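As structure tokens, the structure follows; a few thoughts come after it.
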Amino acid sequence: MAALLLRHIGRHCLRAHLSSQLCIRNAAPLGTTAKEEMARFWNKNTSSNRPVSPHLTIYRWSLPMAMSVCHRGSGIAMSGGVSLFGLSALLLPGNFESYLMLVKSLCLGPALIHAAKFVLVFPLMYHSLNGVRHLMWDLGKGLSISQVQLSGVTVLVLAVLSSAGLAAI
Amino acid sequence: MAVLLKLGVLCSGQGARALSLRSRAVRPAFVSAFLQDQPTPGWRGTQHIHLSPSHQSGSKAASLHWTSERVVSVLLLGLIPAGYLNPCSVVDYSLAAALTLHSHWGIGQVVTDYVHGDALQKATKAGLLAVSALTFAGLCYFNYHDVGICRAVAMLWKL
């Protein structure tokens, strides 16, 4: 009985000893800052030449992932559009009305004009609605996988419907 | 994240709590603010795990930036219907500012994610700042010398 007790205590002490050693071995040296940790992490990552995150080629595609990529894509495209508009306002000689007249003189069919309006307004509606979805996530709402899936489909349907409506005006 | 993982290795109880917090809360800045330099109960002595620099100016600035991005997004969401309902120069200039700022910050995030290397990233951000400034100037010029953003969209939609 005494031997059993002794063995139990001995084992307990040994385990405590080992685990504390394990802790020390894995612990960051005292006095490192998060910045140094990050620098070490990045140095290791760059030297190992792994694909950089966020990388799009190694995962199976899912709807939320595709929508997230499209959110960025539509944002970049619209930023480019706004910048192009601003720069051409500075650089091009004519005023806005003269360019509108130019487009009018081309006598494009109504189908083409509605299609062009849809192409213009769809990224805006998609980005706005999906942006609301992102803001909801930022509030900590709707983060479960099923909710993410459902809100994604909702955003897609609403974006197509509202864009079609606005393009038809 | 690497630091959080390390924390998980160090003391699984504390680490598991940290990770569950990480997955529940969505604001990394908030999490880092929440977890900074907690003395870990399982540890002897006064050792701390440094999750953030001891002076918290960087984390605070990041958190403020995060909040500002959301505020501008919400403003922009409001400005678009405002431009339809009440097209005036106040909305025009607000749109010019909010659109430029939102794109500038958005593209800045993309640059942070995809452009690696210190010098290259700095150069790209400088270029981005130049383009954003020119865009803002162009939109203001358009608002002042031409019909303005709201009326321009209305005229385009009448085609």
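Numbering starts at 1 and runs along the chain as it is shown here.
Keep in mind that glycine also has a Cβ here, set from the backbone N, Cα and C atoms.
The shown structure was predicted, so the numbers you read here are calculated from the model rather than taken from an experiment.
These features come from Swiss-Prot:
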- B:HIS102: heme b binding site (BINDING)
- B:TYR114: ubiquinone binding site (BINDING)
- B:57-63: topological domain 'Mitochondrial matrix' (TOPO_DOM)
- B:86-90: topological domain 'Mitochondrial intermembrane' (TOPO_DOM)
- B:112-120: topological domain 'Mitochondrial matrix' (TOPO_DOM)
- B:143-159: topological domain 'Mitochondrial intermembrane' (TOPO_DOM)
- B:1-56: transit peptide (TRANSIT)
- B:64-85: transmembrane segment (TRANSMEM)
- B:91-111: transmembrane segment (TRANSMEM)
- B:121-142: transmembrane segment (TRANSMEM)
Within-chain partners of the topological domain 'Mitochondrial intermembrane' (B:86-90) [C-beta distance under 8 Å, separation at least 6 from its ends]: 143, 148, 150-151, 154
For the residue listed as 'ubiquinone binding site', the number of other Cβ atoms found within 10 Å of its own Cβ: 13
Integer Å distance between the CA atoms belonging to the residue listed as 'ubiquinone binding site' and the residue listed as 'heme b binding site': 18
Per DSSP, three-state class assigned to B:TYR114 (ubiquinone binding site): helix
All-chain count of other Cβ atoms within 10 Å of the residue listed as 'heme b binding site': 20
Secondary structure at B:HIS102 (heme b binding site), reduced by DSSP to three states: helix
Helix-strand-coil residue split for the topological domain 'Mitochondrial intermembrane' (B:86-90), DSSP-based: 2 helix, 0 strand, 3 coil
DSSP helix/strand/coil residue counts for the topological domain 'Mitochondrial intermembrane' (B:143-159): 12 helix, 0 strand, 5 coil
For the topological domain 'Mitochondrial intermembrane' (B:143-159), distant same-chain residues with Cβ under 8 A (at least six beyond the ends): 83-84, 87-89, 91-93, 95-96
Number of helical, extended and coil residues in the topological domain 'Mitochondrial matrix' (B:57-63), per DSSP: 7 helix, 0 strand, 0 coil
